[in-house]
Amino acid sequence: MENNKYAKELDVGVKVVQMASSLCKTVQKALLSGTFNQVKSKNDDSPVTVADWSVQATVSWMLCKYFGSQRLSIIAEEDVQALSEPDSVGLLELVVNTVNETLAKAPTYGLNGPSEALRAPQVLEAIGRCNSSGGPVGKHWVLDPVDGTLGFVRGDQYAVALALIDDGKVVIGVLGCPNYPLEKESLNYHNNIDRHTFPSTNMSEVGCVIYTSKGSGEAWMQPLINGNEGLQGPNRAKLIKVSSIDDPALATFCESVEEANTNHSFTAGLANGVGLRNKPLRVHSMVKYAAIARGDAEIYMKFARGGYKEKIWDHAAGVLIVQEAGGVVTDAGGRPLNFSRGIFLEGLDRGIIACSGVKIHEKIIGAVYASWDSSNL
Ligand SMILES: Nc1ncnc2c1ncn2[C@@H]1O[C@H](COP(=O)(O)O)[C@@H](OP(=O)(O)O)[C@H]1O
Ligand SMILES: [Mg+2]
């Protein structure tokens, strides 16, 4: 993928997501062990933590460093408001420390950090500059600093998702999945990782970064780089591919854990309609796209309640990774997702269907048409 037009963007993107994933692992451990417990609620009641802001600041700072601050457009989930409030002084301090600890390790990841530690205003500026609204023209970076924050605070699955959109098309996608084991066999999707035993598994075998660039026909997976070992370790990147299973009776579908985010009974009806037999794998975050791309599951379906507008940062990186790994992603009407119309997936028809192959995908789309009118959705 080195000859790619976006080779530099991909190289920096993968390294910065590696750094961000490591940051998240550290913060998640601290949260679960009670070292600090600052979890805030946003207006929509979803949680936000030190990790969300720290990742956003770190990625934003690095993108500025490598691609210049002048015309850099970044669209990311978090804003600075809650962090700038008077009662957030302690939280801001934690974020500043976390960002500086992370940036200090930049050379271990093959990147250059700042010559001196960032101060609070610089950290707030880095977070606040990610307020672009995207659109059909030019390059836009898209970041979900911690996707699946609910999974994150529960000690479960979450992802760091970074994508680049160029003239309305997603051209690179990078997904950090810090709690996704390298081997499928050791992933127990059905249960949350027990808070009290976490981290019980061999952590060196847990966590990966998956990446691709448009048109390459390849998606790659690296193990998480250990902050101490850094780039000295062997490059263990390997190609990943979607599953070749096309018999629905053998296929597995994944979906959100939260009923509030997708209609579980509608997807159960679809699953039944196409002859799926396996129980759904309920997983937080874009790790579901990673599961399809790695061949660990065949189908991902999401049907949000009417009126909910899907955000581009929740899908951009995952969609491209699934497509380049050999899969198909469309809306429930069978049309491609449109990343060119600002921060929302405008024009999305009902829901999102990601599949390992065309055959299963067609069956699911057919089942949607057959059951939609009677679904009350
Ligand atoms: N009412 C809703 N319907 C659908 N998706 C929602 C939603 N509220 C939040 N989400 C999105 O669903 C994402 C989590 O996905 P999942 O349920 O698959 O784990 C959230 O990402 P964040 O956790 O980054 O906010 C959020 O963007
Ligand atoms: Mg998200």
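Think of each number as a place in line: the chain as shown, counted from 1.
Glycine is no exception: its Cβ is also placed from the backbone N, Cα and C atoms.
For the Mg(2+) site, TrEMBL gives D144, D147, D314; the one candidate out of E77, E78, E255 that the record lists there too is E77. Each of L143, P145, V146, G148, A159, A161, M286, K311, W313 belongs to the same chain as E77, D144, D147, D314, is absent from that list, and has a C-beta within 8 angstroms of the C-beta centroid marking the Mg(2+) site. The Cβ of D144 (Mg(2+) binding site) has 31 other Cβ atoms within 10 Å, all protein chains considered.
Summarising the environment of D147 (Mg(2+) binding site), the number of other Cβ atoms within 10 Å of its Cβ, over all protein chains shown, is 29. Proximity of D314 (Mg(2+) binding site) to non-local residues of its own chain (separation of 6 or more, Cβ distance below 8 Å) is seen for D144, D147, A161, M286, given in sequence order.
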